[in-house]
Amino acid sequence: MKHHRSGHTASDPASGDNCPVRLCHKLLCDGGGGGVRLNRAPFSFPASSPDTKRMMAPETVVTVDPNKPSPQQAPPPQQQGGPLDWIKINVDYFKSPPGLLKIVQLIIGILCMALGSPWASAWFVFVAVTSFITTLMWSFVYLLSIREALKLPINWVLSELISTSLETFFYLIAFIVMFTTVTGHYASNVAAAVFGMFNTIAYAGSSFLLFREHKASVAAAS
């Protein structure tokens, strides 16, 4: 029996071209001794579907800490008011007794100024004019709410009480003087004296209401 000294026998499965390992190597390396060729197709990813994109999209997690104070919003910019924003028309005042008395005083004051003549009694005309102007000023103070807008340390009730009391006293003297100086048939001066007497009563009523209001405010302050 002849021995082959090639190191491996013909039937050795690990030797020769018929070795499965070498055959696989040839197939993979495109060496195909047996005519077998392995075509390497390029690898491609499947087309991404909307569900795949949704799955691949990163998730954002928001954690809210209830103990952390929320940032305060900046206050809106304040609108600059105009120069006449402080004016507030107060018509309801003239529906009250003090307001109605002021309307009566202004109307009677116009009649006293129209009917009274300075040559008969200059004092009467002076009182009628000054009282009319003063009452008109106080009417605007209440109509435009100047008392609330000025914010001055003024006792408005006491100031008006003093003013109205003086007007009552002056009107009382004025209509008496007018009655005593009227002679002859000057009916207009007599009518002026009569209306002066009515205005004296109206100013006396305003003084009484103001005195009660001042007394109530002093009692509330004490």
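Note that Cβ sites are derived from N, Cα and C of the backbone, with glycine treated the same way.
For 68-78, the entry in TrEMBL reads compositional bias 'Pro residues'. The domain 'MARVEL' feature in TrEMBL is assigned to 93-215. The region 'Disordered' annotation in TrEMBL covers 62-82. If you look up TrEMBL, you'll see 99-116, 122-144, 156-178, 190-211 marked as transmembrane segment.
Within the model, the domain 'MARVEL' (93-215) shows a mean pLDDT value of 92, rounded to a whole number. Take the transmembrane segment (156-178) and the stretches 99-116, 122-144, 190-211: counting Cβ pairs under 8 Å, 190-211 has the most. Taking H, G and I as helix, E and B as strand and the rest as coil, DSSP gives the domain 'MARVEL' (93-215) the counts 104 helix, 0 strand, 19 coil.
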